[in-house]
Amino acid sequence: MSDGDDAARRRTAAVTDYRKKLLHHKELESRVRTARENLRAAKKEFNKTEDDLKSLQSVGQIIGEVLRPLDNERLIVKASSGPRYVVGCRSKVDKEKLTSGTRVVLDMTTLTIMRALPREVDPVVYNMLHEDPGNISYSAVGGLGDQIRELRESIELPLMNPELFLRVGIKPPKGVLLYGPPGTGKTLLARAIASNIDANFLKVVSSAIIDKYIGESARLIREMFNYAREHQPCIIFMDEIDAIGGRRFSEGTSADREIQRTLMELLNQLDGFDQLGKVKMIMATNRPDVLDPALLRPGRLDRKIEIPLPNEQSRMEILKIHASGIAKHGEIDYEAIVKLGEGFNGADLRNICTEAGMFAIRAERDYVIHEDFMKAVRKLSEAKKLESSSHYNADFGKE
């Protein structure tokens, strides 16, 4: 019996000892894990400190511009500080890229060309490129079938199939002017073209180009066209072109003269790029009668496309496009709504849908009925009477 008790005690002691050692092992594992994390953090801190020390000890480099190559090994470079040097080139740098006007990095001590830099881009031009035109299909533009066809022939066809023009022996249009009353879809058309073509899109608000310093506005125009040439295919869309494209006159303030200099630079750039090149220009305005004749001549803006107020059929198409995403209940008589909306443009028709939705929300409904649309069109018809159409000359371009 005593042997059995001894065996039980030894077993209990062994189990207790095992548990203690297991707990001790887990504790050691936890300590090792913590130590590894601390080591990892210390290594990270060490590497960061080492990088900081290197950056403090490193010598800056000079930015220069290649004027012209002398031979296979040496080039004439103008440093940013002003003086000119004859310098060599690092073996890893591609010498074919070092053409006149290329920005380069020069070593502080030896003035050797270390690497080539991309062209300097004005932040204003850079921001133009990064404006998203949105995902707009041609089917979202209602009532403008002929205008879409003409615009695609002028802009999309030369970019996608330039060989068609070469085969026929004609020169494609360089640029297109979209003109018409406000709210008829000029900007929407340009955005639809941009989202359906795999090309860079520069959206320019003409009034934003004007700068108070003499020559800055013209420099922006030059940089914009240079950037477009380097990033072909590219579409430049200049909205509200009447801000800089108005008729020139002899008298005026210094601000007027700056606008005229900007226009002359724009005309010069329009003459400068190749017609078969992959840079196309779209301009939009609702004041075509004030534009300078030099801007409108063929060879600069070859096609003038009028975007008129929609007729009854076009209004029906536009209204159905805007109403397609609205939760509706019952039959909607679009024909009656369109008849009441005589003289409405595309923006007004979109506003009808918004106002109809507001009437539904006011009635605590989550759907729109026909009566909401009728109330909305009557309300907007009253507001429409306050608008004036005197700013748009409907006779422009008609003989």
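Each residue, glycine too, has its Cβ placed from N, Cα and C.
Since we're looking at a predicted model, the values are computed, not measured.
Annotated in Swiss-Prot:
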type	residues	note
BINDING	Gly180, Pro181, Pro182, Gly183, Thr184, Gly185, Lys186, Thr187	ATP binding site
CROSSLNK	Lys203	ubiquitin cross-link
Completion exercise
Counting every protein chain shown, other Cβ atoms within 10 Å of the Cβ of Gly180 (ATP binding site) number 23
Problem - Cβ-centroid neighbourhood (8 Å) of the ATP site, Gly180, Pro181, Pro182, Gly183, Thr184, Gly185, Lys186, Thr187 excluded - result: Ala284, Asn286, Ile307, Asn345, Gly346, Ala347
Problem - Site of maximum Cβ density within 10 Å, from binding-site residues Pro181, Pro182, Gly183, Gly185 - result: Gly185
Problem - Neighbour count (Cβ, 10 Å) for Thr187 (ATP binding site) - result: 17
Handout entry: Cβ packing number for Lys203 (ubiquitin cross-link), 10 Å threshold
Key = 21
Exercise for the section: Quick one: give me the count of other CB atoms within 10 A of the CB of Thr184 (ATP binding site). Expected result: 27
Practice task
Would you identify the secondary structure of Thr187 (ATP binding site) according to DSSP, in three states?
Solution key: helix
Completion exercise
Pro181 (ATP binding site) to Lys203 (ubiquitin cross-link), Cα to Cα, whole Å, comes out at 20
